[in-house]
Amino acid sequence: MSETANATPALRLSSSLTGIRGVAALLVCASHAAFWTGHYTDDLPGRILARLEIGVPIFFTLSGFLLFRPWISGLAQGTGSPSLRRYADHRVRRILPAYWVTVLVVYAVYAWFRTDDSEFGRGVGGLVRNLTLTQIYGFGHLHTALTQMWSLAVEVVFYLALPAIGWVITAIVCRRRWRPDLVLVSLVALLTISPLWALATHSGSGIDPTARLWPPAFLSWFVGGMILAVAVQVSVRANPTLLVLIAVLLFQLSCAGFAGEPTITPTTMSATVIKLMLYLGAAMCLVGALVLGPPGSWIDRLLSRPMIVWLGEISYEFFLTHLLVLEIVMDILDYRTFTGSTIGVFVVTTVITAPIAWALHRVTSVIWRRPSGRERVRSVPSTV
């Protein structure tokens, strides 16, 4: 890697950054297909399938990069911090409408059309928990076909915390001056929170077991994207092929036994930290290959293909709806839970989910694409 400290690069948001979201959504869907068909086995094939959950850290790292980038560019160029009102307005309109629709549809489906064998997340209390994204705090609130939303509950907390983090780093630590060294020191300090959280939540009895799914456990993945935002601002350049190869190597290492059993939260502290850091490195390398590599590289072109970009555009809605579809697909294929073909369930789920996600995307886009406040006058497009 090379670094040019005084450069002020223009913001380049390649369509490949949308495309990688589509890939991440497919990885998450594939990991769930493997789980539902009983292939989360504690051997190498089972761990490989389970580790397809790496789509989640890719999402988190990309969010950290995109959402922290305005803070970094504003600090470097002396234009100030981004508008908090615009930021909050866009996040709320982008996230909540499609999410609320999905939650209400799932509860309606299981109230009137399907039998739910699980007692989790039921009743008005469960509905309120899921609507408010507080279902990860305490045991028994993750409703069937909505269990994947734990990661959205984590991400929303990052959205809420980012303005405070950005203000502390830019106003308190850097005193409104462009000091990339101080920014990086601050981010490295934040990076240690997740390993320390793993230590705390594995330290003994009396710890709420759901604490291993709380936001501090995964903060490092967002911070990885924030570090990439600094790297882009100081014009770091890297070979995308090398970064992709490193990402593949780190993914392979995460499939080893020392990274824990096939689950998002391994039972031992050491395995939790190892897997956390391997995922962090792999996600940073994959996103870094797009933002630190030259425009038009092979990975940039690959992830800019129209079909991949289209899937990336609906990736959020795909993520929201795919688990409900997967549950129904298991019935259509006459598979009992933990039986069946992973590939078959994945393919059928993807084919059915894509048009549903597109429809939800189109319906809710009239809300989040509508400019508000000054944007109606200025027509300033969002970078996120």
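All positions are counted from 1 along the displayed chain.
Every residue gets a Cβ built from N, Cα and C, even glycine.
Those TrEMBL annotations? Automatic predictions, nothing curated.
If you check TrEMBL, you get these features:
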type     : residues : note
DOMAIN   : 16-361   : domain 'Acyltransferase 3'
TRANSMEM : 18-36    : transmembrane segment
TRANSMEM : 48-68    : transmembrane segment
TRANSMEM : 95-113   : transmembrane segment
TRANSMEM : 156-175  : transmembrane segment
TRANSMEM : 182-201  : transmembrane segment
TRANSMEM : 213-234  : transmembrane segment
TRANSMEM : 241-260  : transmembrane segment
TRANSMEM : 272-293  : transmembrane segment
TRANSMEM : 314-333  : transmembrane segment
TRANSMEM : 339-360  : transmembrane segment
Most Cβ pairs under 8 Å with the transmembrane segment (95-113), selected from 18-36, 156-175, 241-260, 272-293, 314-333: 314-333
Tertiary contacts of the transmembrane segment (213-234) (same chain, 6+ residues out, Cβ under 8 Å): 3-5, 7-9, 56-57, 60-66, 68-69, 71-73, 76, 136-137, 150-151, 154, 157-158, 161, 180, 183-184, 187, 190-191, 193-195, 197-198, 201, 264-265, 276-277, 279-280, 283-284, 287-288, 291-292
PLDDT averaged over every residue in the domain 'Acyltransferase 3' (16-361): 96
Region pair the transmembrane segment (241-260) / the transmembrane segment (48-68), three or more CB pairs under 8 Å: yes
Paired segments the transmembrane segment (339-360) and the transmembrane segment (18-36) in contact, 3+ CB pairs under 8 A: yes
Top Cβ-contact partner of the transmembrane segment (272-293) among 18-36, 48-68, 156-175, 314-333 (pairs under 8 Å): 48-68
Maximum Cβ pairs under 8 Å to the transmembrane segment (156-175) - stretch from the list 18-36, 48-68, 314-333: 48-68
Contacting positions for the transmembrane segment (48-68) when only residues 6+ beyond its ends and CB under 8 Å are counted: 13, 17, 20-21, 23-28, 30-31, 34-35, 39-40, 87, 151, 154-155, 158-159, 162, 166, 218, 221-226, 228-229, 232, 251, 254-255, 262-264, 279-280, 282-284, 286-287, 291, 342, 383-384
